[in-house]
Structure formats: C-alpha cells, structure tokens
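A.B. asks: Here it is, the structure in full.
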Amino acid sequence: MGRMDYLAMKTDDVDTVALVNSDMEELKVAAKKLFSDVSKLGGLGFGVSFLKFLASFAAIYLLILDRTNWKTKMLTSLLIPYIFLSLPSVIFNFLSGDVGKWIAFVAVVLRLFFPKHFPDWLEMPGSLILLLVVSPHFLAHHIRGTWIGTVISLFIGCYLLQEHIRASGGFRNSFTQPRGVSNTLGIILLLVYPVWALIVRVM
C-alpha cells in the first residue's frame, strides 16, 4: 500500500512538472508574440510620425515655391489648413503658445500700421500662425490627429494634385516639365502621409 502511494505521489509530481513546463512554454510563446506585435505597432507609429514631418515640410516647401519663379496656378492657400492638420504636435504646441502669439501680434501690427513694410510673401505664413494661435480647442484637439483630420488632408492633397496636373496640361507634362516635377513630387508627399495614417488606423 505504501509503495502504491509513493508511486502515485511520484506520478503526480511528474504531472505537475510537465504542467508547469507546458505553462512556461505558453508564456514564452505569448511573450514573443507580444514583443512582435509591440515592435510592429511601434514601427508603424514611427512611420506615421516620420511621414507627418515629411508632409508638413513638403507643404512648406510648396508654399516657398509658390513665392518664387516656380509659381503654379494651383490653389496653394489650401496648404495652410493642410499644415494646420498635419503639423507634428511638438511644433504645433510650440507655435500655438506664447511664441506664436508674439509672432501673430507683430504680424498684425505690421499689417495694420506699416503695410508698406509687410511683404506679400508673409501673407501665407502670417495666416498660418494666426490659425494656429486662434484655432478653437475642438479643431486643435478633436479634429487634428483624428481620422477626420486625416481624411480632410487626403482630400486637400488629391484636389491639389488634380489641379496641378490640369494646370500642367496633363499627367505626363506634370512629370516632364522642369517646373512641374518639383511640385508633383511635393504634392505626392502630401498624399503619402494621410494614406499611410488611414491604413495604420484600419489595421
């Protein structure tokens, strides 16, 4: 009887060890899967942030081009709301704070009392700073960074692209004319960010 009890206890110990080992293996598999998913999501998030920076600078680049001899017929004023919606949070918070308020104040004073000293090329940047400073909380925190703002950015990019292609005389000319290539590439960069952001959001 004692031998049977001993064998039963030994069998129970073996079963317990096997069960613990099995649980440990499952934990290892779960940890590896969690690490893989976190790495994947982190990479996707980094991609969105990087493309957001790229899109914002592309929009600023197009604004600068519009004030040079490379001026196009497209409605570049739409780049202002695009920059507002796609500007990275770090830069947005900096420009919508006291720094932006001082810049906006100086711009308004110059425009009102010294119009001759207020160059035309400052109209767009001044409008952007004013928009960043006076935008309501709802627009700044509930439209920016959400799928609504991303969709609006996508529509702006698509509209600017089709307007640019039409002004260039066709799709081929937009890539072959010296003045058209730089604008075309800039607008394509405007489209990459919202498209990728929507894909990541769906995933």
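Using the three backbone atoms N, Cα and C, a Cβ is placed for every residue, glycine included.
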A.B. asks: Hey, in Swiss-Prot do L65 and G170 share a topological domain, i.e. the same side of the membrane?
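C.D. replies: That holds: Swiss-Prot puts them on one side.
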A.B. asks: The transmembrane segment (180-200) and the transmembrane segment (44-64): do they have three or more Cβ pairs under 8 Å, with pairs 6 or more apart in sequence?
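C.D. replies: The answer is yes, given that the two segments have at least 3 Cβ pairs within the 8 Å cut-off.
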A.B. asks: With a cut-off of 8 Å between Cβ atoms, can you find at least three pairs linking the transmembrane segment (121-141) to the transmembrane segment (180-200)? Only pairs 6 or more residues apart in sequence count.
C.D. replies: no
